[in-house]
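Lifted from TrEMBL, the feature list:
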type	residues	note
DOMAIN	26-139	domain 'PurM-like N-terminal'
BINDING	ASP28, ASP74, ASP210	Mg(2+) 3 binding site
BINDING	ASP28, THR43, ASP74	Mg(2+) 4 binding site
BINDING	ASP45, ASP122	Mg(2+) 1 binding site
BINDING	ASP45, ASP74	Mg(2+) 2 binding site
BINDING	HIS52, GLU253, PHE309	substrate binding site
BINDING	GLY121, ASP122, ARG147, SER212	ATP binding site
DOMAIN	152-293	domain 'PurM-like C-terminal'
BINDING	ASP213	Mg(2+) 5 binding site
Amino acid sequence: MTEFGFIDSIRRLFAELPDNGFEGIGDDCAVLPLGDGTSLLFTADLLTEGVHFLRAATSARELGRKSLAVNLSDIAAMGARPVATLLSLALPADAEDAWTAEFTEGYRELSARYGAALVGGDTTRSAGGITINVTAIGRAPDAHVKRRDAAREGDVVFVAGELGASGAGLRDILAGRYDTPLAAVHRNPEPQVGEGAWLGARSEVHAMMDLSDGLASDLGHILDRSSAGAEVELSLIPVAPGSDLRTAACGGEDYKLLLTADPSAADRLAADYLARFGSPLYPLGRITARPGLVWLRDGRPEPLDWHGFEHF
Ligand code: ADP
Ligand code: MG
């Protein structure tokens, strides 16, 4: 079974149980409206040695930062600000005290940068490799919470940064080249924390998520949940220096925000974003009524069998 097939089966199996006021499985975070005009948001991500990282290819400090960064990215993806995290670690006997201390330093660095408290977790021995689980909690005004299901026909699709650097860096790492600039990008994702909260406050932003599995796959989630389609112009995809178009469209772990916006306010949104953050929102195409993702080259449909990557 694929990762997404498994998640779907869990969703169905638990659908009959009480939701206790939560919006549950299916978005970047679970949302709990508190009844005071604000919501709490919850997300969890797991990193396991040998699947998500190689101990020899990353420093413990980088891993500490990354394990938090990928969770903060999910909070930002819904327009919220992080408030707290829980950190659980399974450590084998050969993970030395120095490794753990460095990991904690990296985790603390990013916690301090974004004002997220560490409020709990669990620590245990592992009979296999290192496993890291982070749960992040965010908060936002109810009206700022952006979901994957809110894309509307005619919306402009934007991405909030260049794509493909992380995927190209992963290729370097898997080829044993750990010290390239792209490999460093792969190990050091920057969550768009301020950007996400700012975009959350803009009512012309309809759907939003973060790109962890690649544009081809993740835009598909917005389209599925919004019962819509999209046309994406290949020449508009911002390819990071050193990467290539296919990696930008299908590679994972860029952690840039993907959003759709009201076409009548899209230019203004992009101009304000540029003025605020000094980097562009890149328009990629449009949301269509007809389901499915269509790649265009110079305005003409191009049949491409491109999918994102699944990291289970
Ligand atoms: P993201 O890439 O944003 O972290 P995922 O693709 O990992 O999201 O997960 C998609 C959705 O499925 C999310 O809402 C997530 O909370 C949920 N999910 C993933 N794994 C599980 C699981 N084992 N049990 C319940 N929900 C899960
Ligand atoms: Mg996400």
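The backbone N, Cα and C atoms fix where each Cβ goes, glycine too.
Same-chain residues at least 6 positions away in sequence with a Cβ under 8 Å from that of ASP210 (Mg(2+) 3 binding site) are, in sequence order, ASP28, SER73, ASP74, ALA76, ALA77, PRO191, GLN192, GLY196, ASP218, TYR255, LYS256, LEU257, LEU258. Of all the binding-site residues in the record (THR43, HIS52, ARG147, ASP213, GLU253), the one with the smallest CA separation from ASP122 (Mg(2+) 1 binding site) is THR43.
Its Cβ placed at the centre, HIS52 (substrate binding site) has 20 other Cβ atoms within 10 Å. Cα of GLY121 (ATP binding site) to Cα of GLU253 (substrate binding site): a span of 24 Å.
Here the candidates are the binding-site residues THR43, ASP45, ARG147, and by Cα distance the one nearest GLU253 (substrate binding site) turns out to be ASP45. Each residue contributes its Cα atom, and for HIS52 (substrate binding site) and SER212 (ATP binding site) these two points are 12 Å apart. Here THR43 (Mg(2+) 4 binding site) is positioned 14 angstrom away from ARG147 (ATP binding site), judged by their C-alpha atoms. Among the binding-site residues HIS52, ASP74, SER212, the ones whose Cβ sits under 6 Å from an atom of ligand 1 are, in sequence order, ASP74, SER212.
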